[in-house]
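Engineer: What follows is a single structure, and I will ask about it in a moment.
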C-alpha cells in the first residue's frame, strides 16, 4: 500500500494513481477529502463530486455535456501534462501582469498607477499558481526550476521542458495582450512602436533599466531581487518552519511578488524571471518593435536572464545555511525499515475506516 | 444512506434534507461541523447554534424574537430559494460595484480613484458570493451559468430563471445606487443626465467603450477578459488541481475580478457579465438618461452581452483542454457497485461515532 | 455532559466552564484544539500552552512574571468582562480609523489619500474584532447589538451596557488620537479648531455631510449603507449558507467595511455606527471645537445615530426574508430527546479517544 | 511520553526532538501532519516529504543535490539557530521595508506613493515572520522580546542575544538596500548624501520627525503606536480569545503593521521597533551620511528606541488588564496529576493509530 502512495504523482490532488482497477479503499483516498473540502463551498456546482449530491430530478447523468466529448482528448503522459500546466500558468501570469502595464501606460495613469502594475503581476502569479499547482507544482519561472534541481527536489531531465513551455506561455500571453490592447497601443503610440522615448510602448511587455542604472547595477538589482524571492519561497515551502493552510500558499506567493514590486521595482522593473522577460521580448521583436528591444539599455536583454538564475541560487543558499539545514533530522532520514513502518501507519491515518479491518 | 446524501441539495450547507423525520445520525451530519466551525468564532452570537451554548440565565428561548415571526414566511421550493439568492447576490455585487463608480465620478476622484472602482467590484463579487453560495452556488453571472450548463454541471432548465433573477438583482441595485447618489449625481451633472461628454454619468451604471476602441476591438476585449475569468474560476473549483479552504473561495473570486479590472479595464470597463451591464443600462434608460444608453459607442450595448458568453465558453474550453480533462479518472467513473460501496463508507467517515455500530 | 457544554459561555474560546473542579475529559476539550492551533504557530511563544512545551532549562515556571501579579485583578463577572472587551474593541477601531483620517488631513494627502482612510477603518474593525470576539462576540456597534436583540440572538438586558461601553471606547480613542496628533492638528489648523472651512479638523473625528447632501439624502445614505453592512454580516454568520474558517471572519468583516467605504463614503463619511460617530463628536465638543459640532450640516449629528439603527433593521429583514428563513429546519428544531441524544454523541466526536471507553 | 513532548523545543514545527533514536511512534508525530498539509499544496515539490511521493523513475535519492552537501554545516545549538532566524527575519523585514522607501523617494513618487511604503513594511513583516516563526517565534523587535520576557513567556537570558541579532539583521539589510539603490540614490541626491533638505535620503533608512513635531510629541507618538501594536499582537496570540488558522497569523501581523502605518505614520514614521530604526541609522552613519543622522531632529535618534519599549509594556498591560487576565483558568492550572493524565491523553489524540495499542 505504501509503495502505491509513493508511486502516485498525484497524491497532492487527492486522486488515485492511473491505470489501476478501481478498488474501494483507493476510491476512499480519492473521495473523502474532496467531500470534506466541498462542504459549503461556494463553487460547489463547478466540481463534479458536488454535483453528484444534487437531487435526482435535476441531476445530469455522469459526464454529460461538453466534458464527455472532451474526455476523448485525454493525455496520460505525466510530463506533457506538467508542461501544459506550466505553459498555462505562465500564460495567466503574463496576461494579467503585462495587461496591467498596458492599461497604466495606454491610459496615461488615468486607469491605474504603478501600484496597479504591482497588483497585476502579484495576482497574476497567484492565479498562475492556482491554474498549475496540482499538476506541475507551479514553478512558473526557470530560475525557480533551476534552484529546485540544484537542491535535488526536481529532476534535471525535466528542466529543459519546463523552461521551454514557460517561455512559450509567456510569448503567447504577450501576443494576447498585444491583441487586446491593439487599438489602445496604436492610439497611444500614434501608430509607431518605439522602445525608447516619450511614447515608448515596449516597456509594456518586457523590462528596461532606468536611465541612471549601470549594467552592473542592474545585475546586482536582479540578483538581490531574485535572492529575496527564493529565500521567502523556500520559507513558505519549509514544513519544519511552520505549515500553511492549503490554498493560502498561492496568495502568499502573490503577496511576495507584490512586496518585491513595491520595494525593488523602480530600478529595472523586477523581472526576476527569465521566461517572463524573454518571452514577451521575443514577441515585441517579431511584432514590430524590431531589434531595438535587444539593443536598448546597452544590450540590457541578457541581464533579466542571467541575474535571476544567479540570484535564485544565492537566495537558496542563504535560506539553507541560515535556517533549513539546521532543522533537526526528519524521520525520513531513518533507515528504510522504520520508514516502511511509518508509511504503512500513514495509510491507517488516511483511512480510519480501514483501521478496524487491519 | 448513500442515496439520502445524494438527494440532499444542501449537503454543502451541512444541513439534513428537508421533510424527513429527524433522526440522530442525520442530526449528527448537520450539527458536528457547525460546532467545529464555531469554536472561537467572532461572529458566534450571530449564528443560532452558538447561541444555544450560552449560560441558562441569558439564553433566549429557541427562535424567540423576529426570527420566530419570519419563519412563517418560509419557502421550501428549492428553485425559488436559488433564484432569490442569485438575485440578492447580484444586488450586493452591483450595489458595491456601481456605488464605487458613483463615488469616484461624483467626487471627481477626491474620494477614490480607478483602483477604488476595481476594489468595489472585486469585494462586491466576494460578498455577493458569500450571500448566495450556500443556496444557489453563487453564479452571479449569466455567462458563468451558461458555461456550467454546457459543461453539464448545471441543469439547462434552471438557466432562464437564474438569468432573469440575476438581471433583476442588477436592475434593483442600480436603482438603489441611483437613490443613494441622487443628490451627488444631480450636483455633479448640473441637473442634466448625459451619456457622453465631460459631465457624463451613465458610465456610473453600465460600461461604454473608450474613444479609440473599435466595436470589433471591444468584442475581442470582452472575449479575452471573460475567457480569463472562466479559466481561473474553473481552476479554483477543480478539486483535482488542489483544494481551497472553505470560505477562502469567495475572497479568491473577488481577487480574480480585481486583477481583471486592474489589467483589462481601460478599454471598455470589464463588464464580463451580461446581467451586470444590461440590468443597470435598463435602469439608466428608464431613469432619465434615455435612449442614448443604447445608441452610444455605435450601438455598444450588445457587446457586453455577446462577448462574455463567447468568452466564457472559450475559457472553459481552454482550461478543459489544457488541464482538467487530463486528470486521471475519479473513482466516480468506476462501476456503480464500487461507487455504492465507497458511498456507504463515506458515511462512516462522516460519522466516526457510528463506525463501531456498523 | 451536554448540559455542561450548553452552559459554557466560553465554548468558542475552547476553555472549560469556570467554577468547576477540573476533570480530565473536560481538560481535553480545552486543550486538544489549542495544541492543534499552535503547531507551527509563529506567535507560539505568546500563548501559555505553547510555552509549556519548551525544554526544561529555559522553561519559566507557570505564570511567572507580570501575569502572575496581574492574575490577582481577575474579574469573574461575565457581563463586566464583555463590556470591557467591547470597550477595548471599539477603542482599537476608532484609534486606527480616526488616526488614518488625522494622518491624511494633517499631512494634506502627502501621507495617504482617501483609500488610506478606508483601510484605516477596515483594519480597525478587523483588529477591534480580534481583540473582543472571544469574550463579547465583537459587536462594536450599537446598531449591530440592536439587530441581534431584535433577532432574539442577544439578550435585551445587555443592550444598554454594550452601547454605553461602545460609546466610552470611541470617546477614549478619539481622545488618544487627539493627543497623538496634537502638534499635527495645531500646526495644520493654525492654532484654531474649526468644524467647517478650508482648515476644518472636526472631520477627523466624526462625520459631516457633503455640501450637496440634503438631510433626507443623508438619512437615505446611512440607511442603505447600514442595511448593506448587516445584510452581509448576517450572511457571514449564517452557518447554513456555508461556513468560514475560524480567524478569517474578522478579516472579512474588515473587508466589508472597506468596500462600504470605497462605495458609500463620499456623501457623508459612512459612519454606519452611532458609537463611532457620537463618541468622537462628544470629544470634539469638549476638546475645543465647541457646539458647532452639533450645529454643523443643519444639525446633522442625529443622522448617523438614527439612520444606522433603521438601516440595520432593514438589512436584517432583507437577509432574513430572502435567504435565512428559507433554510430547511436545523435538527435543533427537533424534540429535545433527539437533541439530547445528538448532543451526547457530539461529545464523542469531540473526544474520539473516549469513544472506545463508551 | 508526555515529558518527551514537553521537552521538544520544536513541537510547533512538528518534528521529533533531536538526539534520540528514531522510533515509529515518534516519526508519526513528525510525519502525519506534514502529509496532511501537503495534500494539494502548490509548493509541494519544494518540500522533501512530498518528493518522496513521486514516481520511482523521476524520484531523486534522499538528500541528493545541494542539500546533501549543506547538511554538513548543520548547527544543533537551539539558541544559535534562534539567533540566525531572528537575524534573517529582521533582514527580510528591513530589506522590503526600506527598499520601498528607497523606491518611492528615488523615483519621486512615480513608482509608488506613501501607501507603497506602508505595504513594503507590512509585507516585510509578514515574510520576516514566515522566515523565522518556526525556529525563534519571530519576535523581530526588541520591544516585543522585552514584553514577552516581562510577561514571563520568554527567558530573560535570551533577550540580549535576540536584540543583538535583530540589530545585526537590520544593519545588513540597510546595507543591501544601499547597494541595490546605489545608482538611484546617487542620481537622486546629486552625489551628496544629506539628512535634511529637499534631496535628503537618510529618511530612506531610519525615521526622522516632521518639522512640527516636538520631542515630547514624538515620544507620545511612539508610545501610543507601539502600545497599539502589542495590544493587538497579544490578542492575535491569545488562544482563549479565539484561535487563528496556522499560516494566517503572519499575514495578520503584517496587516497590523499596515494599519499602524496608515494611521500613525505621518508624525515620525512609525518605527515602533528599536532594531528597525537603530540598525539602519548606524549604517547611514558609517556609509556617508555622517553624524547628522544622530543630531537631526534635535537628537531624535533615541526616541524610536525608548518610546517603543515603554509603549510595548503599556500595551501589554492594557490588554492583560482589560481582557486576558479575566479569562477563566485553563486546565493547565489544575493539579499536576490531572495535567499528567490529560497530557498522556493528548498523545492518543495526536496519534489515533496508537489508540488501539494502548
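Note that Cβ sites are derived from N, Cα and C of the backbone, with glycine treated the same way.
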Engineer: When you get a sec, could you say which of D:248-272, D:273-297, D:323-347 is annotated transmembrane segment by TrEMBL?
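Structural biologist: Within the set D:248-272, D:273-297, D:323-347, TrEMBL attaches transmembrane segment to D:248-272.
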Engineer: Among the residue ranges D:42-59, D:60-77, D:114-131, I'd like the one that TrEMBL describes as transmembrane segment.
Structural biologist: D:114-131
Engineer: Between D:139-160, D:161-182, I'd like to know which one TrEMBL lists as transmembrane segment.
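Structural biologist: Of D:139-160, D:161-182, TrEMBL gives transmembrane segment for D:161-182.
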Engineer: Given the ranges D:83-102, D:183-202, which one is assigned the annotation transmembrane segment in TrEMBL?
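Structural biologist: The range carrying the transmembrane segment annotation in TrEMBL is D:83-102.
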Engineer: Are there at least 3 C-beta pairs under 8 angstroms linking the transmembrane segment (D:83-102) and the transmembrane segment (D:161-182), leaving out pairs fewer than 6 apart in sequence?
Structural biologist: yes
Engineer: Answer with yes or no whether the transmembrane segment (D:114-131) touches the transmembrane segment (D:248-272) by the criterion of at least three Cβ pairs under 8 A, sequence separation 6 or more.
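Structural biologist: They do touch: at least three Cβ pairs between the two stretches lie under 8 Å.
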